[in-house]
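Shown next, in structure tokens, is the structure this report addresses.
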Amino acid sequence: MARSKFERKKPHVNIGTIGHVDHGKTTLTAAISATLSTLGSTAAKKFDEIDAAPEEKARGITINTAHVEYETDNRHYAHVDCPGHADYVKNMITGAAQMDGAILVVSAADGPMPQTREHILLAKQVGVPTLVVFLNKEDQVDDEELLELVELEGRELLSQYDFPGDDIPFVAGSALLALEAVTKNPAIKQGEDKWVDKIFSLMEAVDTYIPTPERDVDKTFLMAVEDVFSITGRGTVATGRIERGIIKVGDTIEIVGLRETRTTTITGLEMFQKTLEEGLAGDNIGILLRGVQKKDIERGMVLAKPGTITPHTQFEAEVYILTKEEGGRHTPFFPGYRPQFYVRTTDVTGTINQFTADDGTDAEMVMPGDRIKMTAELINAIAIEQGMRFAIREGGRTVGAGVVSKILK
């Protein structure tokens, strides 16, 4: 039989496993991969293939992440799993692997632990919109009441961080026993093994509870300006990569950031030296702007659909500060620290005014390797929105990464 060609007929969703160390995140990833491979559309990935996660760089930070893909009857998934706790923190803050939703893994034998709490907090801060919970190691719990207690504790913890604790699906099972059953019998079908069935139940919950994300092209138009030049007789061209949305010749847009917001009309679009009628999310494109001088627009501004993004100077953010070994600072810093914030395409100087620990108390200083909530104020207003990622730099060297959790001014 000839191999069928891969066609993306199903909606695509990015998810990941989060939770405390040793609660079984990677085993669960392998169990899902193995279980769904029995449906025949994707090959199983083994535990050690996932565990030996390759290094990748995002915003100047090295992160280990494993990427696994699999399909249910309804969807195509890309799943990320990180080997170490620090990798999770860095991945979630840099948005290296975006998550439309996540499976929170909690050991039914131990209940929620410190990193369970930390990952829920992080998911909230960095904008992972939806969680589903897998209570792993159910085989190690003899008492049904204990299982109910762990679930109750989990739901309370989720509600504490503004997730809908009462509505989130909880599925109990054993990733290890499911993985062993499928490994022993790769042709296993739904209904033949209780542990494998629990993985199917989990994925059913993921399929129905985690919404299909809005595609980038369906969002409102935004492009960060990377370069500007003038074409004699035609006007000013701003180039960059379209972050989201669609743009057409004749559309009205706003130029936002660094100066007064102004409105202009698009008179032409170019890509690879050719003119085109519309540009889509992901395109590297040149946009010809009506009545705009080269001196009026610069790198660091954004072009956007009118009324969709505004310039700001003050925000709260969740940040990760690199260790010395990662190429970061060797010494701590204190409130009043003035680094550059690299946002989209440009550096803007700002002051960090305050640090807040996870428990809500003020922190006096920040050490390399810390994750902290901070309040910053930029010297120039730029286009900022909740969930936006940035790097913290000192003289061109990345010393941290962050994500905007709240706009203040």
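A Cβ is built for glycine as well, from the same backbone N, Cα and C atoms used for every other residue.
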Have a look at 81-84, 241-244, 249-252 and point to the one annotated region 'G3' in Swiss-Prot. 81-84
Candidate ranges 19-26, 307-314 [criterion: Swiss-Prot lists as region 'G1']: 19-26
Among 35-39, 60-64, 330-334, 355-359, Swiss-Prot marks as region 'G2' the stretch 60-64
From 8-11, 136-139, 324-327, the residue range that Swiss-Prot assigns the feature region 'G4': 136-139
So among the binding-site residues ASP22, GLU138, who's got the most Cβ atoms within 10 Å? GLU138
Of the binding-site residues listed (LYS25, HIS85), the greatest number of other CB atoms within 10 A surrounds the CB of LYS25
Test of understanding: give the count of other CB atoms lying within 10 angstroms of the CB of CYS82 (GTP binding site). 24
Please list, for the region 'G4' (136-139), how many residues fall into helix, strand and coil according to DSSP. 2 helix, 1 strand, 1 coil
The one of GLY19, THR26 whose CB sees the fewest other CB atoms within 10 Å, among these binding-site residues: THR26
